[in-house]
Structures are given as C-alpha cells and as structure tokens.
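Quick one: this structure, given as structure tokens, is what I'll be asking you about.
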Amino acid sequence: MPNIFNYSFWNSKKLLVLSAVSSIIYVVLRSETFMRLYVPYGDERSFLEAFKNIKTNGFLAEWMNGSISPSFYIISYPFALWFENPLYGFRLVSLICTILTLILLYNFAKNKLKLKGVFLYSSLILILNFLGYRIFWQGINDDFLHLLIVYSVLLLYNIKKLKKTKHIALLGIVIGIIIGTRISAFIVLPGYIFFFYKDFKTAFKVGILALLVGVALHAPSLFANKTLSDVNKDPKNGLTWAQLNYVSQIYIYEGKIPEHSRLHWDELQSYIDINGSEHLPKTFIESITFNWSYSIKEFFNDLWFSIHSIFFIFFGLGIFVILAFSFYMLKKGKDLKEHLVFTKSFFLFFWCYTFLLCFVVLTSLEIRWYTAFIFLGILFFHQLLNNLRLFNLKIKPEILINTNLILLLCYQAKFILTDSNLLSDVLRKLAPNVF
C-alpha cells in the first residue's frame, strides 16, 4: 500500500487520469438523466410563451410590452425560427454559450493565469465536474448571461493587468448587454467597482457606455410602459413569484416544508384562498423590504447554505483557501504582491455578488445562479495554491489538490453507482443484491 504522505504518491498522474475519466463518465450520465426530464423544463416554458407572443404580436410589440429578455432574444430569436420547435433553437444558443465559456476559461487559465501541470488539469477537472451538475443547454438565458460575466472578467484582466485600454469600450458594451439580459442581473453590477479602485476615469468610461447600451436595450419598454423588459415567469392566474417565495419562507419557519424548498403554485393558491393576499408582497422589491426580519434571517441562512452546500461541493478544500485569502486581503490587502491584486478584486466581486444574491433570494438558492463565479473561482483558487504560505496555510498545494480529487471521486462514485442513471440502472438489473 502506498504511503499517502509520500510526495510522489500525491503527484501521481494516475489520480489525475482517473479523476478525468470519472468526470467524463459523470457528465455523460448526468446529461442523460437531464434528458429524461419533461420538456419544456422549468423556466423554458416562460421563454417559449414569450416566443409564442412574439409570433402573434410581433417582436417590437413584445419588446415594448416589456415581456422579453432583450439581449437574449435578439441573439436567440433567429435560431428559434430555424426549428419547428423553437425550444431547440434556445437550447442550441445555450450550448454554444457554454462551449464559448469553456474556451475562454481554458485560454484564461493557461495563457493569463499561467496555470500549468497539475494546477491546470485539476482546475479543468473541477470545471468539468460542475458542468455535469447543471443543464448546460437549458433553453433560457442563464448560459448567455454567465458567458458575458466570464468575458467581462477576462476583459478586466486585459485592462488592469495587461494595460489594453482598447478593451475599455468593449467592456462597457458587454456590461451593457448584461444589463439588457434580465433585471436580476443588476445584482452583478455593484461588484465591478472593485476592479476600478482609484481609477475613476476608466470606471466612468465603462459606466457611461454600459448605461447607454443597457438603456438602448430597454428603450422600447421604457418609452412604452416605463418599465424594464424581462421574461415574465409569473403564471397567468395573478399569482407572483414574490408571493410564492414569501409564503414558502413562512412555511419553512413553521416547519411545514424543508429548508431551501418552495411551495407549488396550487399550494400558494390554497393559502391565498384561506388567508387572502393583502399581507403578501407582490413584486421582487417588495419581497425584500416587506419584512426585514425575514430578509436578514434568510440572508444568513442562504450565506451558510452557499458556503457549505455549494462552494464546498464545487471548490472542495479550495473554499478554505478562498476564505483564508479573503480574510488575509481584508487584513493586509495593501501589502499584497502585485500579481495577486487582480485576484483580490475578483474575490471582492465574488463575495459582493454572493452577499447580494443571499440577501434578495428568500427561499431556495439555485446553483445555476453562481455559474460564472464558480467557474472563475476554480481558476483563481488554483492560482492561490502557489501562495499558500502568504496567508499561513502550511500545506503542500499538491496534497490539497489530490485530496480534492479523491473527495471528487467519492462524490462522483456515489452518483455513478447508486443514483438513478443509465449505468446504475443496468447494474441494478445485473446485480440487484449489490447495487
């Protein structure tokens, strides 16, 4: 039996190869289980409904009505027209966005962050693992939005680290397109300020251009209805997501449903039939300010859930590296080495988004909302592994990486061998007493 504290064991290429093979199998099997889901799935119904309204009333009319995602539909509408079922067009756009995101991440890791060897391969394996956890081709605007966020961070790196000032205008346009993608994307925007500390001139240029592009994308709905445009995901019976989330939180506190879950729409209707709706918020903003004690309590619940049930799963032990660096940069941020200044800005961006998301979401946090930040967080924490001594983590980075990979193998093995999927279903038929 090999000595697990032996340096050569922890650098074993076999563990990397095994983790890569396991991750590929995991992604394939997870994807197959996603394909079993009913179609359309989740928010795809709302995007198809918006497409149906466009076909009936015209693109401009629905844009003026404020019922589409401007950026996403400008890109995806031509694709949707190519297929008899427009959902395939939306899914194709999402798949293309995912592929482009992976290309950008690989280029950024290898050529900008200079990740090499075990650091590069480990980061790619963790990205692949995360990819298998969500429907990366779902026909909604998530993958489009997270492609834009990833691209914006790469542009920021070029501007701040490589002094490519010609990318300032492009960054402003990209952030403007983010503004035009969906209203909830506004919680992404405050975090960009951390990249422009003591650089008001660049921040002003980017901000003005982003505002112009964002307003242009929302202009038809602003002029016609004085509202921003977004896909309406509320059902047609007058109920709203704000009501659903609020009542769900009441039920969670009363122990009637599990934490980080929601009621069904018919359960909400039953609640309103009995109790009325006068005491419920109707809009997204109202749901935050309606009951501050709920909002504050749920902020801490969601923050803890994000750290132990999302970040730990996808960063593994890397979350402790991120936390150690985050505390260090708050304490001694001014003394950071030059090559870690941008990393500091990213993690301030990361935590700003996390805190805002935890504050505005009253019930179930969805992993897909963190996509871009998990992708980029994986790369940046691998960059930090070469600087562990800086913030008093006395452990060899290779040991941390390989421990992470072993944890990953155990996690994936559970799904591959025991959860319902194509392989485990066959194994249960062949050896029911074992599986």
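Quick reminder: no glycine exception, Cβ is built from N, Cα and C everywhere.
Keep in mind that TrEMBL annotations are predicted by a computer and have not been checked by a curator.
Pasting the feature list from TrEMBL:
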type	residues	note
DOMAIN	73-219	domain 'Glycosyltransferase RgtA/B/C/D-like'
TRANSMEM	88-106	transmembrane segment
TRANSMEM	118-137	transmembrane segment
TRANSMEM	143-159	transmembrane segment
TRANSMEM	168-195	transmembrane segment
TRANSMEM	303-329	transmembrane segment
TRANSMEM	341-363	transmembrane segment
TRANSMEM	369-387	transmembrane segment
Which sequence-distant residues neighbour the transmembrane segment (88-106)? Criterion: at least 6 residues beyond either end, Cβ under 8 Å.
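The answer is 44, 47-48, 51, 72, 75-76, 78-82, 124, 127, 131, 136-140, 142-144, 146-147, 150-151, 154, 372, 375-376, 379.
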Under 8 Å, at least 3 Cβ pairs, sequence separation 6 or more: does that hold for the transmembrane segment (118-137) versus the transmembrane segment (168-195)?
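They are not in contact.
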Summarise the domain 'Glycosyltransferase RgtA/B/C/D-like' (73-219) by DSSP state, stating how many residues are helix, strand and coil.
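Counts, helix then strand then coil: 117 helix, 0 strand, 30 coil.
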Taking every residue in the domain 'Glycosyltransferase RgtA/B/C/D-like' (73-219), what is their average pLDDT?
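The predicted confidence over the domain 'Glycosyltransferase RgtA/B/C/D-like' (73-219), as a mean pLDDT, is 94.
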Would you kindly list the residues that approach the transmembrane segment (341-363) from elsewhere in its chain, counting only those six or more residues past its ends and only Cβ-Cβ distances under 8 Å?
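Answer is 153, 156-157, 160-161, 184, 187-188, 190-192, 194-195, 197, 245-246, 248-249, 252, 260-262, 284, 287-288, 294-295, 298-300, 302-303, 306, 322, 325-326, 329, 333, 369-370, 373, 376-377, 380, 383-384.
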